[in-house]
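Student: Dropping a structure here in structure tokens format, bear with me for questions.
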Amino acid sequence: MDTSRVYGNVKTFRSPGHKQASFPSLSTDACRCPHWHHLALKLGCATLILLLLTLIGLSVFVRFLVQKPLIEKCSMAAQENGTEPTGRSAILECPRHWQPHRNKCLIISQISRPWAEGLVACSMKEATLLIIENEEELKFVQNILKGRQQLFFIGLNYVQTEMTWKWINGSVLKPNILRITGSEVENSCALISHTEVFSDSCSSDNHWICQKTLKHV
């Protein structure tokens, strides 16, 4: 058998134009994103985070601005109403047998002594002789004295060296608050009745009126 002829037939059987199919190879660099893409992505994420934090900060700030006037208003209301820091309303209360009036507590003595002794007696009660601050308070005191025939020392005496009436706190009597009937001489003290205010000797025996400031309980 002629081997050259067989080999030639085999070669003749194959199509001379046939070639094996091949796929183009992809470069490894083609699958990689450019470096600036990564940089842009990082910058974008950082920007979004920064914007989010800014929005949160603005939200908190705006809420604070909105609530601040309300907080201040509540704080002022708490001070005016005498509320305690715990939020419970503080009660203003006078001791037993004391008469409340605005921010004061008043009490009338049951005994008669000179003005100086009345001053000491009030001090022992952590109080002072009555200081009348305005016409409204004068009317209130005279109203609670209705039906009483006695006169009552108050914290007002005549200072001869200054030739004027002064309260025990050092303030000068204002004539528009009350007028005193009687002499203006040394050792003169003021006494109040349910109708008038009189001048009498500080050494005379009379009742008196004490006052103290209302306390929180």
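Going from the start of the chain as shown, residues are counted 1 onward.
Glycine too: its Cβ is placed from the backbone N, Cα and C atoms.
What Swiss-Prot shows for this protein is this:
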- 1-45: topological domain 'Cytoplasmic' (TOPO_DOM)
- 31-34: motif 'LCK-binding motif' (MOTIF)
- 46-66: transmembrane segment (TRANSMEM)
- 67-217: topological domain 'Extracellular' (TOPO_DOM)
- 101-211: domain 'C-type lectin' (DOMAIN)
- Cys122-Cys210: disulfide bond (DISULFID)
- Cys189-Cys202: disulfide bond (DISULFID)
Student: Please list, in sequence order, the residues in the chain of Cys189 (disulfide bond) that are at least six apart in sequence and whose C-beta is under 8 Å away from its C-beta.
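Tutor: Listed in sequence order: Trp115, Phe153, Leu156, Asn157, Tyr158, Ser199, Asp200, Ser201, Cys202.
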Student: Measure from the Cβ of Cys210 (disulfide bond) and count the other Cβ atoms within 10 Å, all protein chains considered.
Tutor: 25
Student: Which state, by DSSP, holds Cys122 (disulfide bond): helix, strand or coil?
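Tutor: DSSP call for Cys122 (disulfide bond): helix.
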Student: Out of Cys122, Cys202, give me whichever of these disulfide-bonded residues has the highest number of other Cβ atoms within 10 Å.
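Tutor: Checking each of Cys122, Cys202, the winner is Cys122.
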Student: Treating G and I as helix alongside H, and B as strand alongside E, what does DSSP give for the domain 'C-type lectin' (101-211) in helix, strand and coil?
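Tutor: Reading the DSSP string over the domain 'C-type lectin' (101-211) gives 20 helix, 40 strand, 51 coil.
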